[in-house]
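J.: This structure is in structure tokens; I'll ask about it shortly.
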């Protein structure tokens, strides 16, 4: 059995040809397509600084984890090692768990918690730790955990979309879902239609997934920030802005605070 540190010790291999450009980098494009994580992470920390000061400084942890995902993903695609796969998936799990803890509206908490966020954070932390430990024994556990969280987030977003009349929030949800759907299509196509893409010499769908998901996450985070503000920041008005300019057709969203606890 190969070492978990060894090149190509992971059972996962993507459609891109291995070691095509360097004997040190297994998947060249899949490795370097993670660079946007290191650009958007610090930029979003800067743009969201006033909001984080008001809401919670733990928001910075989310963006640090976002950059760690980029780092571990680079390591995984560079080596295709089992350790790299685990680190990549575990970092995603902790990112989602952190976002859950900060932005999950209390009305979606399990009823036995009575809307207590501190207890909810403990529950999420314990669940994430257990899932992390189990992933070393059974790597498929992480996949189930990630899919469960993703489906629950999608459910919450759909519920909030139905309830809100806020045009900015509805627009953000629509853009986030479209970006996520296109990114997921790229990921699935790379996995299931690899033989077709190899025949036409197009190996870049997983790289496109990296770029799209690195853009989708800021949209998703700002979406959850707006949803959260409805319940946790009464009296504050959040305005969605876009970097570098609001007038540009494409931009990176963030919230500006310009300033009725609400029920689900």
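Glycine too: its Cβ is placed from the backbone N, Cα and C atoms.
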J.: Identify whether residue 119 and residue 232 belong to the same side of the membrane as annotated by Swiss-Prot.
T.: yes
J.: Per Swiss-Prot, which of 49, 77 sits in the Zn(2+) site along with 206, 210?
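T.: Swiss-Prot lists 206, 210 binding Zn(2+), and from 49, 77 it also lists 77.
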J.: Considering every residue in the topological domain 'Cytoplasmic' (103-119), what is the mean pLDDT value?
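T.: That region's mean pLDDT is 93.
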J.: Sequence-remote contacts (6 or more beyond its ends) of the transmembrane segment (139-159), Cβ cut-off under 8 Å?
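T.: For the transmembrane segment (139-159), the far contacts come to 85-86, 89-90, 92-93, 96-97, 100, 104-105, 108, 131-132, 173, 176-177, 220, 223, 227.
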J.: Identify all same-chain residues not among 77, 206, 210 whose C-beta atom falls within 8 angstroms of the centroid of the Zn(2+) site's C-beta atoms; report them in sequence order.
T.: 14, 16, 27, 29, 30, 31, 33, 34, 73, 207, 209
J.: For the transmembrane segment (58-78), which stretch among 28-48, 120-137, 207-227 has the most Cβ pairs under 8 A?
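T.: Highest pair count goes to 28-48.
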J.: For the topological domain 'Cytoplasmic' (49-57), could you work out the same-chain residues 6 or more beyond its ends whose Cβ comes under 8 Å from its Cβ atoms?
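T.: Apart from its flanks, the topological domain 'Cytoplasmic' (49-57) reaches 102, 225, 228-229, 232-233, 236, 238, 254-257.
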